[in-house]
Amino acid sequence: MKKRIKELTDLLNRYRYDYYTKDAPSVSDSDYDKLYRELVTLEQSYPEYVLQDSPTQQVGGTILKGFEKYRHQYPLFSLQDAFSREELDAFDKRVKAEFPNATYLAELKIDGLSISLSYENGFLQVGATRGDGNIGENITENIKKIKDIPHQLSEPLTITVRGEAYMSRQSFKAINEARQENGETEFANPRNAAAGTLRQLDTAVVAKRELATFLYQEASPTARNQQNEVLAELADLGFSVNPYYQLTSSMDEIWDFIKTIEAKRDQLAYDIDGVVIKVNSLAMQEELGFTVKAPRWAIAYKFPAEEKEAEILSVDWTVGRTGVVTPTANLTPVQLAGTTVSRATLHNVDYIAEKDIRIGDTVIVYKAGDIIPAVLNVVMSKRNQQEVMLIPKLCPSCGSELVHFEDEVALRCINPLCPSLIQRSLEHFASRDAMNITGLGPAIVEKLFLAGFVHDVADIYQLTKENFMQLDGIKEKSADKLLAAIEASKSNSAEKLLFGLGIRHIGSKVSRLILEVYGDISALLTAKEEEIARIDGLGSTIAQSLTQYFEQKTAAILVDELKTAGVNMHYSGQKVNSDAALFGLTVVLTGKLNQLNRNEAKDKLEALGAKVTGSVSKKTDLVIAGSDAGSKLEKAKSLGIRIEDEDWLRQL
């Protein structure tokens, strides 16, 4: 029986590969079902012989208790967006300045959810969401319910791959029809449906909803040399790979490809929102490297957003956590990109003045980045003596006079005691990407603030069960859960705390970069601006903002209060040694290395505190030159930059 189970498993997996990956069914549905039922019967009789890659393991359901956090071995970066031909040409110019012979691979940008799949010896071990790029959620059991994801690769490789999980338009339509019949809320669009499906705790629901995938990247080291070779290998391994892509060195040809795809966008079985252009050479990708947020070797062209007309009924002004006052238009409802839109951002006062936006105007509304509704323009032909927009002079929350700094486009409330500013700061501190205090959302924060229980983030750690029980709608069980979540947040790594403080220009990724060097929040109280500016990926604006914040006496008091409350101040990741031999130096690798491969050399340089970049400029401090070094070496010589060889690096 063991042998027959193995035969059936291999045979059915091959048929699945032919059907889902090659789009070339090699067996009839009835024959497949007959073999499948035979395998099910045998596995039920001999459960000890069920194989890890059995197709039966992708059906049925398990109720999951929740999703564990998963730290990605290889971080997932966002892509720089482009919305015009000019931006693509600028990208091309930057790349060709370093690599005149570079070619590009243009691929479809699937409108789905990023996933990471890790295999050991050919077997699927972990499927995870993108999360913040460093930490996602382990959704392996749900991933296994997606039919075109192989449980076992065609080769026994240990590999991590990346791609998009999506829901086809046909599946989306069927699901919404069923939800409508059952009186359930319909999904807004296929992407939302796919996102909700991947986070289902009932795996049977995941299997029933028929998600699909396209894989496009090997995140782990690969023997391939080109991105198009990676796609071919992924297909050979059993993954679904999108068939639409273009290899070229010409931005004109890429633009033609974009326009061709845009024209046939509605004919595809799935949603796309653009085209991703990547440098095809993996070696060139490595040399070009990354910014803090995105690779320098890729760019995502986003299709123009859908636009609709709507009337502005009124405008609300709200205060954010940094004091910025943002105008939001209340609109006559319109259907836009699959959702009903009745509110749209007006950005800031300068934007309102520039566009001459008025109450009662008919305006063009679109979704910026296909996400945030925004007002694009006024339809002047439909204007009929509308009232001029009244720009507030006083804060809508605290009544303080608003300021409009010369170098800013927004109005700002600078009253540190402004109720809205404090509430937004508390909400941000408790948010998922910051201290992740589950349950402490805007509604409860508002109740706590109005009750006088919290005035700054340190007060959160002084809350008692009695405080929560005094709030309307909070029962004992909810209070216990909130207190447990607050207590759990104390052990977060310090970059979560730094981000949670809401310092201007200090995002989650920047917080991690800072703490990798300083290691402890307390060290930032005396950090020097010039030292911070030298950290890879930062600069003078971020450094100035950080030092100005921690120079305030209130910052030292707040840090002390948080420390006294037991909040962790230490960074739990790997710390960069500021005393390292090359700390703060910008280094470029060029030419062929004989003893170290490029990854090893880069890792060593970064371990020594260096920032490794792909291009030589006046900011470069050192060039490590291997054999056959070309234009970068010549440029370094012309700029008088220090040059060393591989042997020098190995001896450090």
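Glycine too: its Cβ is placed from the backbone N, Cα and C atoms.
Now, the feature entries from Swiss-Prot:
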- K109: active site, N6-AMP-lysine intermediate (ACT_SITE)
- D29, S30, D31, Y32, D33, S78, L79, E107, R130, E164, K278, K302: NAD(+) binding site (BINDING)
- C395, C398, C413, C418: Zn(2+) binding site (BINDING)
- 577-652: domain 'BRCT' (DOMAIN)
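In this structure, the CA atom of L79 (NAD(+) binding site) is 11 Å away from the CA atom of K109 (active site, N6-AMP-lysine intermediate). Of the candidate recorded positions, K109, R130, K278, the one lying closest to C413 (Zn(2+) binding site) when CA atoms are compared is R130. Cβ neighbours within 10 Å of C418 (Zn(2+) binding site), excluding its own Cβ and spanning all shown chains: 20. Excluding C395, C398, C413, C418, which define the Zn(2+) site, the same chain contributes V319, G323, P396, S397, G399, S400, L402, N415, P419, S420, L421 within 8 Å (Cβ to the Cβ centroid), listed in sequence order.
Considering only the binding-site residues R130, K278, C395, C398, C418, the residue listed as 'active site, N6-AMP-lysine intermediate' has K278 as its nearest partner by CA-CA distance.
The Cβ neighbour count for C395 (Zn(2+) binding site), using a 10 Å radius over every protein chain in view, is 24. The Cβ of C398 (Zn(2+) binding site) lies under 8 Å from the Cβ of C413, N415, L417, C418, P419, S420, L421, each of which sits 6+ residues away along the same chain. In the structure shown, the C-beta of C413 has more C-beta neighbours within 10 angstroms than that of any other entry among the binding-site residues L79, C413. Sparsest Cβ environment among the recorded positions K109, R130, K278 (other Cβ atoms counted within 10 Å): R130.
C395 (Zn(2+) binding site) is 46 Å away from K278 (NAD(+) binding site) when you measure Cα to Cα. Rounded to the nearest whole angstrom, the C-alpha distance between R130 (NAD(+) binding site) and C395 (Zn(2+) binding site) is 38. The DSSP breakdown of the domain 'BRCT' (577-652) into helical (H, G, I), extended (E, B) and coil residues amounts to 25 helix, 17 strand, 34 coil. Look at the residue listed as 'active site, N6-AMP-lysine intermediate': DSSP puts it in a strand.
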